[in-house]
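Down below is the structure, laid out as structure tokens.
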């Protein structure tokens, strides 16, 4: 990650944004041309222009913005719960070696369970409400954070730890001044991963369960055979994903400005 | 939030989570004498009467405040009703019969939707591509046909179409696929035929596809396709609410039957069906009475195809 960060930093930010946009423009042109050239049926993949027209129609309705709001609410609450729980549990497990040994196999057992496999349980507990979406979002995002925090805690420099002990730092102080600064970059990586996963699961839950939000509107468009509208809504989820990723990176740079992964390597 | 934490605890303990919903409240506590009622529906043409009835005030008149909860394919509906998240739900008859054979405590409370009973003018049928060699139901034998759910109303009625036409239904291979994906799958030749309902049916015929079998019409005269249902617990605990819901539903069904133009208009409020398709698609029928002989037929067809796993649905327990 450090190397990638340094490499990207060499391209000027304006140039980088331009490159990103040109890639997007290429995709838009491709989607416009494929159906027009008859390579794919325009009933299955409408050209960009029709998708954008459908998007404009949608954006003019209040229901669309309510759905966007519902999805973002589920995402934000779910992510916040997952991050808080992931950090708390991660620091606790990481700081107590016995706990780590006891939970290691359980974590590895629970972590690969796909969140969507919990849909029947979610429906049973919460019906098709926000709770169902949250259950799926939190379950998926929690592990991303937890695992990163565990790595972060394991990365604490033993010399620093020993030094803090020699100076009779309390447990709380050791967590605050030794463990936390070491773990923080990992925490942010976890948050960034969790933020994307949380969005995917929020939309999936809405799509499958019918909890209010963009996913539910996509499902309605799908069952109605409103193909351009369906793609328009999918584009919206993509845009939200990009925005979330940008915001997460920005937050990372801001809060880790002191850290060498953001500052760039200092020649040893 | 507390229930949410409970949920996460359940997960953390990897407990037998499936038992946890049974103690849910029914959620229908009267607020100022008005019952808040949630109905699990699928956002398709079939449920237009309940939306129309809501708009016309048939439910409000009876002190019922409706909220529709719609999910794709309705995977959440039966468990939602059983656990008390929804007071009522909409489901096809075969699914309800299947639930009955598994002793799921649900019972129909009103009719849902019925076939028009007219070959050539029904809201669902088996379609093929324009240039397909299949021209009649008997030709479907030995072919690959898409249905939305396996071992359900689609494949049992399609088999009956083929059987009645003199073909061998046991040679058909069915594949599962959501309705909206079927027009593209038929077009691309991934399947030989697909059982579709409106509005996908209009999409296929608009692209030049042909209907080769009207499975609902072939299965039984004036087939009842789906019904509204409730948990037996709600029926026992709140008979008055169920009675009012049934009355409101019956009034809505009758109103929808009498006002097809208003039905086409209300579709615009909860679906995103193209206005042109909305104006031309074939509407189903919404009789007030459940056609019991047709339910018996579906039960027989299902048992014949082995979808109930050897059990026989007890119709007295599932019919209202």
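Positions of Cβ are set from backbone N, Cα and C atoms, glycine also.
Note that TrEMBL annotation is computational and uncurated.
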A:134-156, A:157-179 - the range that TrEMBL marks as transmembrane segment: A:134-156
Matching range for TrEMBL feature annotation, transmembrane segment, among A:74-97, A:194-217: A:74-97
Stretch with greatest number of CB pairs under 8 Å, the transmembrane segment (A:74-97) reference, A:17-39, A:109-128, A:134-156, A:225-248 candidates: A:134-156
Folded-back contacts onto the transmembrane segment (A:225-248), same chain, C-beta under 8 angstroms, at least six residues removed: 43-46, 50-55, 57-58, 68, 71-72, 75, 188, 191-192, 195-196, 199, 203, 214-215, 217-218
Stretch-level contact, the transmembrane segment (A:109-128) and the transmembrane segment (A:134-156), CB cutoff 8 A, at least 3 pairs: yes
Other parts of the chain folded back onto the transmembrane segment (A:17-39), taken as Cβ under 8 Å at six or more residues beyond its ends: 11, 45-49, 51
